[in-house]
Amino acid sequence: MKDCSQDLELVEQKLNSVTHGIGAGMSIVGMIILLVLSTRANDPWMITSFAVYCSFQILLYLSSTLTHVFHDMPKPHSVLRVLDQAAVYLLIAGTYTPVALIVLRGSGGWWMFGIEWGMAVAGILMKSLFIRGKHLASDLLYLPMGWLILFFIRPLSALAPGGLLMWIFIGGGCYSIGIIFYIIKKIPLGHVIWHLFVLAGSISFYLGFILHLV
């Protein structure tokens with residue numbers, strides 16, 4: 001029974017590495033395409049916002065991949081795990097940076113930007129200081145960060161292309177459902193499922209940006 005459990009854990013770690021390794025590769029290619037298109041648009045806000053968004057998406061997938069690659073090496077794993085969990089907050093805030101600074105900007109955009117990044121800093125501090133414990137509060141902080149957009153739905157409905165909002169809500173739904181598999185540790189291959197939902201969420205936001213903002 002113990003051998004089966006260890007085999008399943010090894011398979012899960014490999015799948016975790018592969019899924020987010022693919023995500024890292026896709027993010028790098030996606031960043032190049034998005035920044036080339038942004039440069040052609042000659043909009044400094046767009047270039048800066050997408051650079052922030054893409055950089056933290058790459059950071060998330062690389063740190064996650066390396067965390068699982070080095071899962072059996074305690075020292076590098078512990079450092080990478082802190083970076084991996086911090087990168088989740090950075091990705092959420094980074095993902096909403098284009099929404100705040102390209103779509104909204106003066107119409108509450110700076111409020112969205114400040115609140116998102118404030119919560120990101122708070123979440124990183126909670127994870128960094130209490131990484132060894134089970135801290136449901138820091139995990140659940142992902143949800144208000146992800147759905148802060150609802151407080152800005154009126155100006156967004158007026159300013160954002162309809163297709164963009166559709167992709168944002170699809171992406172937010174993917175991330176939110178995925179959190180269930182992240183928090184409930186007893187689900188077999190739950191972390192792999194979480195990774196797949198994260199990939200789906202990232203793809204949704206990316207499609208929204210490249211189809212409707214560039």
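Quick reminder: no glycine exception, Cβ is built from N, Cα and C everywhere.
Note that the structure is a prediction, hence the values are computed from the model and not measured.
Features of the protein shown, as given by TrEMBL:
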TRANSMEM  21-38  transmembrane segment
TRANSMEM  50-70  transmembrane segment
BINDING   H68, H191, H195  Zn(2+) binding site
TRANSMEM  82-104  transmembrane segment
TRANSMEM  110-128  transmembrane segment
TRANSMEM  164-184  transmembrane segment
TRANSMEM  191-213  transmembrane segment
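Sequence features annotated in TrEMBL and their locations in the structure.
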residue	record	Cβ contacts under 8 Å, 6 or more apart
H68	Zn(2+) binding site	Q13, K14, N16, S17, H20
H191	Zn(2+) binding site	E12, N16, F181, Y182
H195	Zn(2+) binding site	L15, N16, T19, H20, G23, S64
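Residues 12, 15-16, 19-20, 22-23, 26-27, 30, 33-34, 37, 46, 50, 53, 57, 64, 95, 98, 102-103, 160-161, 163-164, 166-168, 170-175, 177-179, 181-182 of the same chain, all 6+ positions outside the transmembrane segment (191-213), place their C-beta atoms under 8 angstroms from a C-beta of that stretch. In sequence order, E12, Q13, L15, N16, S17, T19, H20, S64, V192, W194 are the same-chain residues whose CB sits within 8 A of the CB centroid of H68, H191, H195, the residues recorded for Zn(2+) being left out. With respect to Cβ pairs under 8 Å, the transmembrane segment (50-70) is most closely packed against 82-104, considering the stretches 21-38, 82-104, 110-128.
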